[in-house]
Amino acid sequence: MHGVGIHNGSTMSALNRVYSPITLSQEWPKISRLLFMVFCSCLGTTMNGFFVAAFFVEHTLKKVGNVFLACVGMADLILTTAVMPTSAVVLLSGQWDSTQLCYTLQFLTEISTYSYSLFFMLVAAETYYRICRTSAEYEMFMSMRIGLVSITVYVVSIVTAAVGVYMGLDYDYCQRQHFGNFYFRVATTVLLHAMPFITTMFGLISASVQVRRRARQQIQYKRSQQYERDYSTTTLNITAYILFVIAWTPYLVVVHEYPGTSDSKYYNCVWIGMCRSVITSFLYGILNRNFRRAFAHLFNYCCCKSTLSGPFTNRHRRALEYKPATGDVRVHIMHQVVHPGTPQRAASSSRETQEL
């Protein structure tokens, strides 16, 4: 049906409404909806949790520049640990949706999408400066207070979402009784989605092109592990961000071009965007060697062992305790380990050894 839900006290009456903004269509089997929500919630929470934890357990990911990518995972974690489980609980309760609860879920979803878009813009900027610019420029970019910038992004996302949802300036997701304030919706779309989209795509595509150009010009770089990491990171970041854009584009088109569309089309577009949060961490875990190794250790820790220190400590100890046959070579290697400021290591130390 088109339209307007009926507000009745603190709940949204089921009268004249078949499609719930929280629990999907009432015409679908309840068990199917429940299994879908529980599956997405459990799988998404596990994979996104592994994604965020990977930055703390895998030494190649413990860089200051990866803080923004970790925050991207935390933005997805909001959907899979708060919004989806709550929808499943409401469905199990057998009650029609509470208006206040629905607004809370809308509030959390908007925080997630706003922060995801802004953090990915910062990921693209970090990647661009690391790959396309000089070491001095990259160090200048990373000299900003990463923690303060991250907190600012969350504050902007929270304030914008709160103003839009609780002051009625955004589209009325729960009851669909109004379209919100036109200028507010245009401003949030341009400032928090359109401009970050342009900046993000420029940064990611420029970095990807630079990696390929450098690989053609420098055979030694193409054969190195650094090339593999750069190529995998840039490709995955582009894929993940395009997936985010594709998933939420139908909702933006409906809200701005067809605001009076049927409940089923409107809410289906929202759930398509939310379900994307389950997929992204899979891409990194499957296609990136560092994340795949971290996911394997985390799975081993959760299911088989009581500590994470074993695999990492042994692996690093084996690397440090390697002893060549020639004594002179051994002294040379140990000299580089003890003096990381030597020319052989100076170029990479400013970019790769800054840890969280």
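If you go along the chain as it appears here, the first residue is 1 and each next one adds 1.
Each Cβ is built from the backbone N, Cα and C atoms, and glycine gets one as well.
Not measured: the values here are computed from a predicted model.
Summarising the annotation, TrEMBL assigns transmembrane segment to 34-57 (among others).
What TrEMBL lists as domain 'G-protein coupled receptors family 1 profile' is 47-254.
Annotation source TrEMBL lists transmembrane segment at 64-83 (among others). Same-chain residues lying 6+ beyond the ends of the transmembrane segment (64-83) with a Cβ under 8 Å from its Cβ atoms: 40-41, 44-45, 48-49, 51-52, 55, 105, 108-109, 111-113, 115-116, 119-120, 122-123, 126, 130, 142, 146-147, 150, 153, 237, 240, 274, 277-278, 280-281, 354-356.
For 103-125 (among others), the entry in TrEMBL reads transmembrane segment. Packing against the transmembrane segment (103-125) from elsewhere in the chain are residues 22, 68-69, 71-72, 74-76, 78-79, 82-83, 86-87, 141, 149-150, 153-154, 156-158, 160-162, 164-166, 170, 173-174, 188, 192-193, 196-197, 199-204, 207, 237, 240-241, 244, 248, 270, 273-274, 277: each is 6 or more residues past its ends and has a CB under 8 Å from a CB in it.
TrEMBL lists 146-169 (among others) with the feature transmembrane segment.
What TrEMBL lists as transmembrane segment is 189-211 (among others).
For 231-253 (among others), the entry in TrEMBL reads transmembrane segment. Only residues 6 or more beyond the boundaries of the transmembrane segment (231-253), in the same chain, are considered here, and those with a CB under 8 A from a CB of the stretch are 69, 72, 113, 116-117, 120, 123-124, 127, 131, 189, 193, 197, 200-201, 204-205, 207-208, 211-212, 215, 269-270, 272-273, 275-276, 279-280, 283-284, 287-289.
The transmembrane segment annotation in TrEMBL covers 265-287 (among others).
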